[in-house]
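K.L.:
What TrEMBL records for 19-100, 173-748 is domain 'Aminoacyl-tRNA synthetase class Ia'. What TrEMBL records for 792-907 is domain 'Methionyl/Valyl/Leucyl/Isoleucyl-tRNA synthetase anticodon-binding'. As annotated by TrEMBL, domain 'Leucine--tRNA ligase RagD-binding' applies to 939-1010. What TrEMBL records for 1064-1173 is domain 'Leucine--tRNA ligase ubiquitin-like'.
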Amino acid sequence: MEQKPRRKVEDLLQIQEEVQKNWERAKVFEEDAPEDSTQKEKYLVTFPYPYMNGRLHLGHTFSLSKCEFAVGYQRMKGKQCLFPFGFHCTGMPIKACADKLKREMEDFGYPPSFPAEAETKEELVEVDVTKDKSKGKKSKVVAKSGGAKYQWQIMKSLGLEDEEIKAFSDPMHWLEYFPPRAVEDLKKMGLHVDWRRAFITTDVNPFYDSFVRWQFIRLKERGKIDFGKRYTIYSPTDKQPCMDHDRASGEGVGPQEYTAIKMKIVKNMPEKIRVLGKPAFLVAATLRPETMYGQTNCWIHPSINYIAHEAINGEIFITTRRAALNMAYQGLTQNQNEVTIVAEISGQELIGIGMESPLTSYQVLYALPMLTIKEDKGTGIVTSVPSDSPDDFVALRDLKTKQPFRQKFGVKDEMVLPFEAIPIVEVPGLGNLSAPTICEKYKIQSQNDADKLKEAKDIVYNKGFYDGVMLVGPHKGKKISDIKKLVQKELTDVNQACIYMEPEKQVISRSGDECVVALCDQWYLKYGESDWKAVTKQALDRVDTFHEEVKKNFLSTMDWLREHACSRTYGLGSKLPWDEQWLIESLSDSTIYMAYYTIAHLIQGNSFDGRSPNALDIRPEEMTPEVWDYIFFKEAALPKDTRISIENLNKLRREFQHWYPVDLRVSGKDLVPNHLTYYLYIHTAIWPKEPEKWPKAIRANGHLLLNSEKMSKSTGNFMTLSEAVTKYSADGMRYALADAGDSIEDANFVEKTADSGVLRLFTLIEWTKEIIEKLKSNSYRIGEYNFNDLIFENSMNEKINESSANFDRLLFKEALKTCFFEYQEIRDKYREQTMEDMHRDLILKFIETQALILSPICPHVAEHIWTEVLKKEGSILNESWPKVAQIDAQILRARNYLDEAIHGFRTRKIAYKTLIIGKAGKKGAVRKIEEPTHATIWIAKSYPRWQAIILSTLQERCTPEGKLPPNNTLSEIFGKLPELKKYMKKVMPFVQAVKESVDKKGLEALKQNVDLDEESVLKEIIPYLKNTLELEHIDIKNSDDPFADEKTKQDCVPGSPFIMFRCEKVSLKFINPQPMSGLFEVEVPIIEGDTLQTLRDRLCRNVKQLKDPKKVDVFRYDDPILGPRRLPTLEWEFGKIRIMDTDRFSIDTISNTVSLIQNGSKQDIGYQLVYIVS
């Protein structure tokens, strides 16, 4: 991006530095629980602590900005607010990266010399080094760090030197390096965090380690943890689970669950299978077992080589080799961890086999060819449900309509033609055959329409799963999303299916083999337990999720969630208290740490690892399970045999009891299926009898795009928090983050918006300074409020209330709109309509309230205005949200009326100035006409008779919700009314206009009168209307005036004034004879009744060099005919007569002449006057 001038940014950076110093000195964000019971309402907000394997980026910042804006606002609403922040170090990534660095030094020396083929070939670009902005250092790094093959290269891309990288081979160095830098970056953002409560996780922090161990002791005691075989990614070569750090590719990939449908071969069995003498099954892996009611066939790829292998119970399974290997490690084959192949068979040999398949209404299905099946996904055999799968429907249709295709693969007509799609699911908007319906809608012709098919598949799957209702079977009438697991269980219980797992994507171990999913011994949390799930759903019912889609995602997760492995053998973390060979994994030690925040400042000792002396002189080993119980459980007894004093124990307990529960947790929506759901589960398990301790609100947001593209280091479209603050200032960045988006969809940080924010904020500061200086010199009006003042005051109050509502609902894009953009607009409109004659008290109120309502989003600018410009005592962060008086609805109605009227007047003037008088080819010939000087505003007390009849009829037919009958019904009704026959061409256009007005205004649009005095309201702003429309005179008349023409009477209705322009002027030449004055001849219009003063004002408007009307004198010639023809002389006064203040001008537009009225007599002044500037 082009480098822009930095002065404004640097000014904002300097302001934020001073403001942040003052906040830190005043310890503004440090909050403790009050000691007395009389306490104000509290507000605890948390954000998932970020993982400490790098610097924080804009994606982190977007989510935590929601917490930040909420805290800033709630603080102003009088609540005691706490925003704590921690840093996550548990898990495998840090240890894996450190070990990689260690191995790379062992394999390639120090500094490592990597093989030539490993060097990246990406273009080198210059980027800011993120490690230390104060040094202003830049480095040549790879633009696509995703091309780095080795961990060392990745660290290099962060701008680190070899000697620095070497230290990262010790995982403890990561814990020491990144958390302090994260705090530094967050402080520069101005985060409202109590940093005394900051900590890191893992057993490096003995206090947090004790807390996590206590949590797991209690979970195990309550039966929430068990030990047994769990599905995990496994390396057959290494004969052990293959965790992320052991993988050459596929990091982050987990097991994917399928239902393996057993389709028994009953017809056309290949000889090599028949001779085995055992029941044989084609096994198809499906994600949608509930749709098996709609099977019409199964699909086989003719070119894939399948195998028949021995399964449990003496059965034969036919699958791909890859699927068979996965099954072997899941207890589905005859011999554990072994595949016994009894036959190899091509896909072509399987085509035409007849099978019995569970749930379908067809007795025999056939195996048919499909060329899009992938060998590395599922079992290579696919069930076909053409009613609800666009892929299946189109493939089956192709086979039916293309006889040569059937002939090529040996498919007989009876295997295809009798089979039709079976209606099994009713989907809103798509009916009971959703796949055929959407294929027809998208005009999908064949399987070659891949893009259309993908889009159709996504729509059908999502709508079908979440909104579809079952039409058949024992679950008829139930939602599809509710029965998936039920159908799966029913099938497995009767041995018609089995659970089959495989990696979500291909995983290759460092040994080079493709990993499988295996059943391994694990400690796991029993999230599938029905009672626990039921209670957690109750907890979810209490949670404000802000978006219905988020709640649906929670419920969907709870429906499929069963068990979660909570132990690992590799990485960083806390050890299981009862089995210390296992570490507690990262999603399991991070579920209720928000409770730890409440007391962290008393035991962490202002250190990340808790190893410094703390305020209560408590040692980690003294934090026994009984002590933790006393702190967190209201009914727990005082612990025995503890050195911790009762006073300190009660202090710890008081902190927790005061701050808990969490009032708001903000996170990316990707954490709903894991962390956020576990967060709810563990809260209900730890505090089962205290639902008041369960979370109150969860705000999930989408991912953050940068300039409308996905943020990615590999493409260079990436920005860290530190870079954003340096580039745009904290408030410029916060402004763009607020504007980025409020919905569950992906948000968009636009750099041009951040630039605009910098300019707007800088301009606000400068304008405020200018106004305050003017206030000192009493440049503004005082006294009673006039009409414009009342509109401005009520408009401010309205926007303050709207902003409050937006902040309450965490709609920060909308809040920025109402508290800044629209708030500035009402100021600008006030300034314009008063023509700078603003009221002193109101303009001061605007500045104060603007600073206050903007402070949650842009606190540094607001603080600067509050303390440095307005010279207020104390921080703006300690101020309250502005209290507003009762809004005068009548004033706002008048404002809205005027806004619409003024817009209509301006539009009408544009139409007046351009007149179409003929046609030239396809374009109209246009001529410009004279600028209007006068206008008449017509207002109406009532609608024309025919319109009143229509409105009365619409009122009768309108529902309470504002719904009107369709136009064809209304047309029939109005066609029968004799009073409307004369106006039938106008009836339906008028009806449509009224309907559109109802959509905007509601039922008020059907009223036949308006609740205000239109004439009085318009008279209040006549001076402004004359100025903005550039008119000399405006009069107001009623449409029932006998002189009003028929068009005016028909077009003018209550609430919609109609303006008619006209030109009443005669133009004269004005010359300036003063030598070297730089003033020239100018043509100026003369209006009936003009005075010397109005003429001076008009001259100044037409001649830019003239600034002060008082310095202008005007003269006429003593001989209006010969005077202008005389040769100019240096004695310019000769033959001229000064025009006096008491003189009046009179015009005759027919003869196009001007006269001057002096002392009752009329003098012809010709076509030219003289103006002199003193």
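Backbone N, Cα and C atoms are what each Cβ position is placed from, and that goes for glycine too.
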K.L.:
Between 19-100, 173-748, 939-1010, 1064-1173, who has the most Cβ pairs under 8 Å to the domain 'Methionyl/Valyl/Leucyl/Isoleucyl-tRNA synthetase anticodon-binding' (792-907)?
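P.N.:
Against the domain 'Methionyl/Valyl/Leucyl/Isoleucyl-tRNA synthetase anticodon-binding' (792-907), the leading stretch is 19-100.
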K.L.:
Taking only the residues in the domain 'Methionyl/Valyl/Leucyl/Isoleucyl-tRNA synthetase anticodon-binding' (792-907), give me the average pLDDT of this model.
P.N.:
96
K.L.:
Using DSSP, how many residues in the domain 'Methionyl/Valyl/Leucyl/Isoleucyl-tRNA synthetase anticodon-binding' (792-907) fall into helix, strand and coil?
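P.N.:
Helix/strand/coil tally for the domain 'Methionyl/Valyl/Leucyl/Isoleucyl-tRNA synthetase anticodon-binding' (792-907): 87 helix, 1 strand, 28 coil.
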K.L.:
With DSSP, how much of the domain 'Aminoacyl-tRNA synthetase class Ia' (19-100) is helix, how much strand and how much coil, in residues?
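P.N.:
Going through the domain 'Aminoacyl-tRNA synthetase class Ia' (19-100) residue by residue, I get 35 helix, 13 strand, 34 coil.
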K.L.:
Helix, strand, coil: count each for the residues of the domain 'Leucine--tRNA ligase ubiquitin-like' (1064-1173), based on DSSP.
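P.N.:
Helix (H, G, I), strand (E, B), coil: 17 helix, 42 strand, 51 coil.
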